[in-house]
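Chemist: If you scroll down you'll find the structure; I have some questions about it.
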Amino acid sequence: MGFLHVGQDGLELPTSGDPPASASQSAGITGVSHRTQPPCFEGLTSKDLVREEKTRKRKRKAKESGMALLQGLLTFRDVAIEFSQEEWKCLDPAQRTLYRDVMLENYRNLVSLDTSSKCMMKMFSSTGQGNTEVVHTGTLQIHASHHIGDTCFQEIEKDIHDFVFQWQENETNGHEALMTKTKKLMSSTERHDQRHAGNKPIKNELGSSFHSHLPEVHIFHPEGKIGNQVEKAINDAFSVSASQRISCRPKTRISNKYRNNFLQSSLLTQKREVHTREKSFQRNESGKAFNGSSLLKKHQIIHLGDKQYKCDVCGKDFHQKRYLACHRCHTGENPYTCNECGKTFSHNSALLVHKAIHTGEKPYKCNECGKVFNQQSNLARHHRVHTGEKPYKCEECDKVFSRKSHLERHRRIHTGEKPYKCKVCDKAFRRDSHLAQHTVIHTGEKPYKCNECGKTFVQNSSLVMHKVIHTGEKRYKCNECGKVFNHKSNLACHRRLHTGEKPYKCNECGKVFNRKSNLERHHRLHTGKKS
């Protein structure tokens, strides 16, 4: 034997006029004996030659091993029909052509399977006579293009082992239904034209890249009876261990449209599970998975930093269109309304936070002091009281603050901005709280009342300070002299005696004072006003 060569150089078949390579020239699978056949086969048809060769091979194997083919696993070469140099010369052109077609068909069926792992294949003849079972195991190396006359077996990708079997089965009826995947052979001229046209490999349905050179193949999955029924179980006589016997599903059945041979493949060394609902689109930067490619593309914009949607008013950019739609600060639109108090919000998230006021729910608790909050942001802000962290710094005077809002309010001192204006007297204020306090002057309202003496106050802070009179509590102590005060502001004024600080300056004469009340009293000298 020496005709079929499956190894580093793939499948080699001679042209119709060339004799096959000798056994000594064949590389690949070991353990195959070589012989010389009678010199002439004249008068025999090609079918007779094939049948006689098969019979001779079975008898020889049975004699050597004491059993028929079921003794152990066989290789492709063990079951191949091969001829010596003398035998090949005796074949006429029609017989040689038929032989090449048969061998090429078997090779096509092989490369259609996952040849990187061990495969168990059963081939059945549709003639109903002399059904043969063929078992093959091994790894097939496929690479360079090989020509057989005008037909070219172009480069087949090595990643055949990346096949992912995804079949749908109807277990209720156990029938088979036809699914077609057409891959036609190309002539040398067609292959040459496509190469220069820059055609890329066609992505095979099973997950591996192929050039369009495969024959027309019919793929079946269980839904109807077509041809001979292929057994699901693997015979124990094929030396397969219990750990290797896995389910015949997923299975592959391949048939050429000109023959009714079926190949059944069961992966013995590697299970491959296909989850139809698993998230198959994955982003390398973050490892995040998505159900669809469109979601993946949206997520990729975050990594690319691409913000395609821009506000025409302020120029702010957004990753997605829906974020731009939620950007309603310019329109003043507040589509979300609280059912309890009727207050409106521009974002649904703000409404959800607001609802906690009505429910009284405060799920966020400080581990240091046990104080609870209705928002996580408020808890994070509160933590800075314990840590002393002040991450917000004024660029003008380097003063630091624990809250961003405090920094923004402080900046108005440097800019002179007073955005809050009284509608009655047009007086402006830096803080909205100051405007609220000022408005009470015009209304005369004093909503805060002391329960001890009945005195009323414009501001709640004034009421708190007043209550100290009744309790006699003096919580604020000077670290320099030990003097205590009932108000924090009084302690602050007292400290200036130790530091010598006089922050209040008269714009008329430049005189400085350590208290604001002293500066106001001094102003009356210039204006002539009497208290």
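Cβ coordinates come from backbone N, Cα and C, glycine included.
Reproduced below are the annotations present in Swiss-Prot:
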COMPBIAS  22-36  compositional bias 'Polar residues'
CROSSLNK  LYS271  SUMO2 cross-link
REGION    1-42  region 'Disordered'
ZN_FING   281-303  zinc finger
ZN_FING   309-330  zinc finger
ZN_FING   336-358  zinc finger
ZN_FING   364-386  zinc finger
ZN_FING   392-414  zinc finger
ZN_FING   420-442  zinc finger
ZN_FING   448-470  zinc finger
ZN_FING   476-498  zinc finger
ZN_FING   504-526  zinc finger
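Could you give the neighbours, burial and distances for every feature on this list?
Modeler: Looking only at the zinc finger (309-330), the predicted model's pLDDT averages out at 75.
Residues of the zinc finger (364-386) grouped by DSSP class, helix first, strand second and coil last, total 11 helix, 4 strand, 8 coil.
Counting only same-chain residues 6+ beyond the ends of the zinc finger (392-414), those with a CB under 8 A from a CB of the stretch are 381, 384-385, 430-431.
If one looks beyond the zinc finger (504-526) by at least 6 residues along the same chain, the residues whose Cβ comes under 8 Å of a Cβ in the stretch are 493, 496-497.
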Chemist: Summarise the zinc finger (309-330) as counts of helix, strand and coil residues per DSSP.
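Modeler: Tallied per class, the zinc finger (309-330) gives 5 helix, 4 strand, 13 coil.
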Chemist: Go through the chain and flag residues at least 6 beyond the ends of the zinc finger (476-498) whose CB is under 8 A from any CB in it; none is fine as an answer.
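Modeler: Distant Cβ neighbours of the zinc finger (476-498) are 465, 468-469, 514-515.
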